[in-house]
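Annotated features in Swiss-Prot:
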ACT_SITE  ASP8  active site
ACT_SITE  GLU69  active site
ACT_SITE  HIS141  active site
BINDING   ASP8, HIS141  Mg(2+) 1 binding site
BINDING   GLU69  Mg(2+) 2 binding site
Amino acid sequence: MTRIIGLDPGMSKTGWAIIDMDERSNIEFLGSGTISTGNKLGMGERLHVIFEQLKKVISLYSPSEAAIEKIFVNKNPKSSLTLGYARGIVILVLEITELTMNEYDTNYVKKSITGNGHADKDQVIFMVKQIIKNLNIKCHHAADALAVAICHVYTKSSYFVR
């Protein structure tokens, strides 16, 4: 059994999802959530919240592998830079906790889940709910994290060719 944490880094909201994958690549959903920092805190405080909360999630679930979305360049350079800070903290936590990190482009994740690399968020959520039956996930950040984790399973299992 392999336990995987999927991560969708963000400064305001960092989505996470935990799944187990058995030797036949069957997926069992264990949990998901969002680390919210709010915008009233300073930059350093927000990064510290992400750091501490993600460490707690990893400690609680003890995943053996991590899957994270690669950063994309936004039209707004400030947004891209801020996302980079949050992503850097997530990578630091993965390094500190000695988790193997696997990075995936957003379009690759979408293609592996929906068959369309340019699918919108609703299409991704719809397909994630088809893959994980009886899933009640409300936040798209957690759904994105789950999609990244599922993408990792598909990639490891050679179900999907890049």
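Each residue, glycine too, has its Cβ placed from N, Cα and C.
This view paints the features noted in Swiss-Prot onto the structure.
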{"residue": "ASP8", "record": "active site", "CB count, 10 Å": "28"}
{"residue": "GLU69", "record": "active site", "CB count, 10 Å": "25"}
{"residue": "HIS141", "record": "active site", "CB count, 10 Å": "24"}
Statement: Rounded to a whole number of Å, the separation of the Cα atoms of HIS141 (active site) and GLU69 (active site) comes to 11
Field: Separation of alpha carbons, GLU69 (active site) and ASP8 (active site) (Å)
entry: 6
Assigned conformation of ASP8 (active site) - DSSP reduced to three states: strand
